[in-house]
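K.L.:
Dropping a structure here in C-alpha cells format, bear with me for questions.
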Amino acid sequence: MAQILAPSPQWQMRIPKCSVDASPLTSKMWSPLVLKQNSSKGAVKTSAKFRVFALQSDGSTINRVEQLLNLDVTPYTDKIIAEYIWIGGSGTDVRSKSRTISKPVEHPSELPKWNYDGSSTGQAPGEDSEVILYPQAIFKDPFRGGNNILVICDTYTPAGEPIPTNKRHKAAQIFSDPKVVSEVPWFGIEQEYTLLQKDVNWPLGWPVGGYPGPQGPYYCGAGADKSFGRDISDAHYKACLYAGINISGTNGEVMPGQWEFQVGPSVGIEAGDHIWCARYLLERITEQAGVVLSLDPKPIEGDWNGAGCHTNYSTKSMREDGGFEKIKKAILNLSLRHKEHISAYGEGNERRLTGKHETASINTFSWGVANRGCSIRVGRDTEKNGKGYLEDRRPASNMDPYVVTGLLAETTILWEPTLEAEALAAQKLALKKGCDQTKTNSKAMASGVGKSAAFTLLILNCFLYFVVAALSGWAVNHGITKARETASQLTIPAHIFPIYFPVGNMATGFLIIFSLIAGVVGFVSSISSMLNVIQWNLPNLHSAAATSMITWLLTLLAMGVACKEIRLGRTESNLRTLETMLIILSGTQMFTTGAIHAGIEDLIAREEIIRGRL
Ligand code: ADP
Ligand code: MN
Ligand code: MN
Ligand code: MN
C-alpha cells in the first residue's frame, strides 16, 4: 500500500541539460542522486518531492530501486517515455506498453503509430495478429513524472479499418457531425467502482467470508469502520489532476468498499478519453496498492448497492433559456430507444437495474425531477431554472464511455423517432394509462408520416408551380409581342389588356395573370416550406402552414379562371397544359397544406405525451 505517489507540480518543469556525466549507468548514479541534486539548482531541488516508494527488497538497507524510480532524467536526455494505452478484447480491460520518444511532445499527432500482438488480447487471429495503435489523446504521466506521457490510442487493422472493439472510432464520427458539433454536448460521468481484497475477491474492509453491518453509515462516511480505501481514491484524485484529467470530485459510496469519481463536464469525445485514462490510472494505483479494481455492476448479490456510471448530459440548447423543453424532447427520444440504450450500457446491468437500491427497472423507462428511482433524473435546479442537464442513471460501471456518450448524442441530436418506435410507445401506454393517453398517441402516430409526405408533395408542387410560372410567363411574353399588331385591328375597349388576349378565348387574359402569380408564389413558397418542413418544429411548421394556405387560395383562384376558360373552349395545347396543371395543383397543394397541419398536431400531441406520460 505504500507505493502511492504524490508528485509535485514542479516536476513538470524542463530542466536544462547538466554538464555532468550523462550516462545513467555510472557509479555516481548509485549514490543518493536525489539528495545530491538538492544541493545544486533550485528547479532540481523540487524534484526530490516527487517520490515513488518501491517495495522493500530483502537484505538491502538503502533501497536503490526506489532511487531509480524517482530518477529525474530530464537533465541528461531529451528523450521521454510514452505509455501507449488501449482497450483490450473484453472491451473493459486496459492494456499498455511503453516506448521511447526522441523529444517531449504536446499533441498526439506528433507521435508515431505503433502496433501490438492482437492475438494475445483476444483481438486478432494468430496468423494475422498485428493491430495498429493510433495515438488520440495525451496526458501527463503521474507515475514517471517529467515530460513522460500517457497516450490513449484506438485500434485498427493494418488496412486502416477500425477493429470491432474500437468504439472510439464511431463516437468520434458522431462527435464530428456538424449538427452535433454545433450543439456542444457536455458529459459529466460518475464512475463508481468497487475495491476488492486481492486473492479472496471480497470487498475491501469486509470480513473475509462475512458481511459488514447493513448499508447506511458508509456513503460519504469517515472513520475506520465506515471508510475503506480512501488512500486509493485520494491518490487517484491527485494522479488525475496531475495527468490533466478533468476530474470534478470523488465520494465514498453506499456500499462499503465502493467509491466514485466524477469526470466533467467534458465536451464530446474528450469525455471518453478522460474516463479511459482515469480508469487506467486507477488500475495502476490499485496494482501498486495490492487491491483489485472491479467494475462489475453488481459485485455483491443481495441488499448491497450496485455500481453504475451515471452520465450527466446537456447540449447547448438545453443549457440556454427554454432548455427544459429541449431536455423533455431528448427524454422522449431516449424513451423511444430504451432497448438500444440498455443493450449498449454495460454487461450484467440486469443484475443492477432491479428497481431497488436507487435504480429503475431495466425493462421500463421512466423519468422524474429529483427522483433517483428513475431511468433519467432531472435536477431540481434544472426544473427551477428552466434549463440545465439530465442524468442518465442507467449506464453500468463497466460501460464504455465512447459508446454511451456517442449514443446519447445520436439519440438526442441526430435521431428522429420512427413510426414503429412511436407505435411501440403507444402500445405500452395503452397498457399503462388507459384511453386518454392512447388517443394522443395514435394521433401522433397517424401524422407521423406527415414529414415525409409533406416533403414529397412540396417537391412535386415546386416542380408543377415552376411549369405553371414558365407557361404563363411565355404567354405574357407572347401576348406583349402579339398585342400591338392584333389589337390595332380592334376597336376600343376590346384591345385593353387583359380582357382581350391574342391567343385562347376571352378568359385567357385573366388566366395568364392569375396563374403567373400562383406559379411564382407557389414556386417560392414550396421552397421555403421545404426548409421549414426539414426543421419540423412548431414555429417553422406554423409559418409553412400559413404560406401554403395562401398559395392554395391563389391556386384555387387561378383554377377557377381555368375552369371558365375550359367552358368557353377553343384553346391551344400550351394553355390546356396550364389548365391541367392548375387543376392538379389545387389538389396537391391542398394535401400539402393538410400534411403540414397534421405535422403541427403531431408535434403538439408529442408534447402532450411528454407532459402526460413522462
Ligand atoms: P450526483 O448528484 O448524481 O451524485 P455528481 O455531483 O456526482 O452528481 O456528478 C455530476 C456530474 O455532472 C459532475 O461531473 C458535473 O461536472 C457534471 N455536470 C454539471 N453540469 C453539467 C451539465 N450542464 N452537463 C453535463 N454535465 C454536467
Ligand atoms: Mn455522484
Ligand atoms: Mn454515486
Ligand atoms: Mn448520479
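Cβ atoms are placed via backbone N, Cα and C, with glycine included.
Automatic, uncurated: that is what TrEMBL annotation is.
Summarising the annotation, TrEMBL assigns domain 'GS beta-grasp' to 80-160. Taken from TrEMBL, the feature domain 'GS catalytic' covers 167-516. For 101-125, the entry in TrEMBL reads region 'Disordered'. According to TrEMBL, the feature transmembrane segment maps to 453-476, 497-524, 544-563.
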K.L.:
Report, as numbers and ranges, which residues of the same chain sit near the region 'Disordered' (101-125): CB under 8 Å and 6 or more residues beyond its ends.
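P.N.:
For the region 'Disordered' (101-125), the sequence-distant neighbours (Cβ-Cβ under 8 Å, at least 6 residues beyond its ends) are 14, 78-82, 84, 86, 88-90, 93, 95, 131-138, 147, 149, 151, 153, 155, 163, 165.
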K.L.:
Could you give the number of helix, strand and coil residues in the domain 'GS beta-grasp' (80-160) as assigned by DSSP?
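P.N.:
Counts, helix then strand then coil: 9 helix, 39 strand, 33 coil.
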K.L.:
Sort out the residues at least 6 away from either end of the transmembrane segment (544-563), same chain, that have Cβ-Cβ distances under 8 Å to it, and list them.
P.N.:
454, 468, 507, 510-511, 514-515, 517-518, 521-522, 525-526, 528-529, 532-533, 578-579, 582-583, 585-586, 589-590, 592-593, 596-597, 600
K.L.:
So what pLDDT does the domain 'GS beta-grasp' (80-160) average out to?
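P.N.:
In the predicted model, the domain 'GS beta-grasp' (80-160) has a mean pLDDT of 95.
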